[in-house]
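**Q** The structure's right below; bear with me while I get my questions together.
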Amino acid sequence: PTELYTSERVVVLISCVLSFLGSSLLVCTHALWPELRTRPRQLLLYLSLADLLSAVSYFYGVLQDFDRTSWDCVLQGALSTFSNTSSFFWTMAIALYLYITIVRGSPTGTGLLCCFHVVSWGVPLGITVAAVALKKIGYDASNVSVGWCWVNLDAEDRVLWMLLTGKVWEILAYVTLPVLYILIKKHINRAVSILLLSLSEYRPILSRAPAFPPRTSIADKKLILIPVIFIILRIWSTVRFILTLCNSPAVQNSFLVVLHGIGNTFQGGANCIMFVLCTRVVRTQLFSSICCCHYDELDWPLRRSNSNWQHPEPHKDKDEPGPERVKPLLSNT
């Protein structure tokens, strides 16, 4: 088995906590502010729910650092298998949605969303139930994990179940997501080129080019980065999986173990950084809410002390300009 050092476990546990907080913040922003409930944000919500469950299950697995198959090992392995596989499907669903809406320009209704729900929740649930029923989930000696349980290494068909419970969908995402990403990026660049070409005809009579809103929202453009984040984070688990199949001692390398642990657990934190902290609308709404609550608490004693105080009316000078005289100055300013 791969021995986990205390420093490695601490780093992965911190990654789990950050992912949990990030996914929770994404869910809270969607619940508190209805004006942000666009269709891309709705898909991001379901991805955040899967990452939230994944962070909790991985945290328990790393904290326990299982050394044998037990009931909590099977439960933790089942939860992480379901949530991890569901995260794969929701990531591909988001990329497919962007391709349909941006490149194809086809309208999307509730039918497409229902299909996403059936596939992204139903397929992982069916695979997980079958793996648990056939007793394929168990202790894996941390060779294809970082302390948590996954596919039991004692199973004769363990490679098949490793593929079914995650790796085949992960490898499929590596192939599908870059293709969709390249097509979406090419379409956006072509659309921007056409827009700039059309604006060039009016440059002689316009001192400054107007800021036309693009066809896609800012959230749509940022969602394109989800496949890139996905590949950067997930590639290390695939590397260790291949090294395990080759019986290579490099699978126990501490650097790879830490990267594997962070990559599998930090998806929710990365999405929070991109779609909360780096998105102006959401960031402004979040900071304004925090500041308003803070100022309300500070101003409450002051408002009570001034409740019985009446300010004297300011002396009105007849030479003081009226509103109609001040208005041009304000507009010019």
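Placement of Cβ uses the backbone N, Cα and C atoms for every residue, glycine included.
Per TrEMBL, the feature compositional bias 'Basic and acidic residues' maps to 312-327. Here TrEMBL flags 8-164 as domain 'G-protein coupled receptors family 2 profile 2'. Annotated region 'Disordered' per TrEMBL: 309-333, in sequence order. Marked as transmembrane segment by TrEMBL: 12-32, 44-61, 81-100, 112-134, 160-184, 223-243, 255-278.
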**Q** Residues of the same chain, at least six outside the transmembrane segment (12-32), with any C-beta under 8 angstroms of its C-beta?
**A** 41-42, 44-45, 48-49, 51-52, 54-56, 58-59, 62-63, 146-147, 258, 261-262, 265-273, 275-276, 282, 285-286, 289
**Q** For the transmembrane segment (112-134), could you work out the same-chain residues 6 or more beyond its ends whose Cβ comes under 8 Å from its Cβ atoms?
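**A** Hits for the transmembrane segment (112-134): 39, 42-43, 46, 50, 74, 78, 81-83, 85-86, 89-90, 93, 97, 100, 151, 161, 164-165.
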